[in-house]
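Down below is the structure, laid out as structure tokens.
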Amino acid sequence: CGVPAIQPVLSGLARIVNGEDAVPGSWPWQVSLQDSTGFHFCGGSLISEDWVVTAAHCGVTTSDVVVAGEFDQGLETEDTQVLKIGKVFKNPKFSILTVRNDITLLKLATPAQFSETVSAVCLPSADEDFPAGMLCATTGWGKTKYNALKTPDKLQQATLPIVSNTDCRKYWGSRVTDVMICAGASGVSSCMGDSGGPLVCQKNGAWTLAGIVSWGSSTCSTSTPAVYARVTALMPWVQETLAAN
């Protein structure tokens, strides 16, 4: 897991406001969650052939689909996999009011076929550390300006630093809890439509899922950290759910 066949190229600190187009296929775990009309509403990450992790607040149902192997949503010619969702496992501790425990696991009805452009991200162990200042990456088809009418066609990426929860609370106060991890305030920001997608950090050469795009500034301010679900804190529930299903 976590080693793309097509290497990503990050130009350092490039939403994904102020992001840049990704190299096609270089974030092979990134999926698009689309409703029955083909509208992209959230991102997600493949963690195996059968499972996708996304944000609980995305409100995914079994009538939505997971699209894997996509880069340009404006192209009909891409070799994408449109995968039906068999079952939705929303974290029972998720609260829409506090946005805590913002994680949902999707069991695919038919497994994804792994290829050069479709593969899994690594999950962290529950005790893994992603220290403040560590440079990580986030990807998505979210808005590139908060007031944009539509989302970009091409997958966007940005490099951004982890922000400690203590520093993050300087912006957000007590809303930031230990089931969250912050990143950004560095000239880039996740934005609407990126939700559910990955915040990944490279550990020993493999990209590992540190966060799930959860919430942040309503104007996608690039000087304010965005808040992600902290995957390490949610790993006990993830392991339990995968083991039981």
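FYI, residue positions are counted from 1 along the chain as it appears here.
Including glycine, each Cβ sits where the backbone N, Cα and C put it.
Annotated disulfide bond per Swiss-Prot: C1-C122 (among others), in sequence order, evidence recorded as experimental evidence. In the three-state DSSP scheme, C122 (disulfide bond) is classed as strand.
If you look up Swiss-Prot, you'll see 16-243 marked as domain 'Peptidase S1'.
The annotation disulfide bond is assigned in Swiss-Prot to C42-C58 (among others). According to its DSSP assignment, C58 (disulfide bond) is helical. Residue environment of C58 (disulfide bond) contains 23 other Cβ atoms, counted within 10 Å of its Cβ in all protein chains.
Annotated active site, charge relay system per Swiss-Prot: H57 (among others), in sequence order, evidence recorded as experimental evidence. The Cβ neighbour count for H57 (active site, charge relay system), using a 10 Å radius over every protein chain in view, is 22.
Taken residue by residue with DSSP, D102 (active site, charge relay system) is part of neither helix nor strand, so it is coil. The active site, charge relay system annotation in Swiss-Prot covers D102 (among others) and is backed by experimental evidence.
Marked as disulfide bond by Swiss-Prot on the basis of experimental evidence: C136-C201 (among others). The DSSP secondary structure for C201 (disulfide bond) is strand.
The C-beta environment of C168 (disulfide bond), restricted to residues of the same chain at least 6 apart in sequence and closer than 8 Å, consists of V176, M180, C182, P225, V227. Summarising the annotation, Swiss-Prot assigns disulfide bond to C168-C182 (among others).
Here Swiss-Prot flags C191-C220 (among others) as disulfide bond. C220 (disulfide bond) counts 26 other C-beta atoms within 10 Å of its own C-beta, drawing on all protein chains shown.
In the structure as shown, the Cβ atom of S195 (active site, charge relay system) sits within 10 Å of 25 other Cβ atoms. Taken residue by residue with DSSP, S195 (active site, charge relay system) is part of neither helix nor strand, so it is coil. If you look up Swiss-Prot, you'll see S195 (among others) marked as active site, charge relay system, on the strength of experimental evidence.
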For S195 (active site, charge relay system), the one of C1, C42, C122, C136 that lies nearest, given that the disulfide-bonded residues are compared by Cα: C42
C191 (disulfide bond) and C42 (disulfide bond), distance between Cα atoms, whole Å: 11
Where C42 (disulfide bond) sits in the secondary structure, as DSSP reduces it to three classes: strand
Conformational class of C1 (disulfide bond) under the three-state DSSP mapping: coil
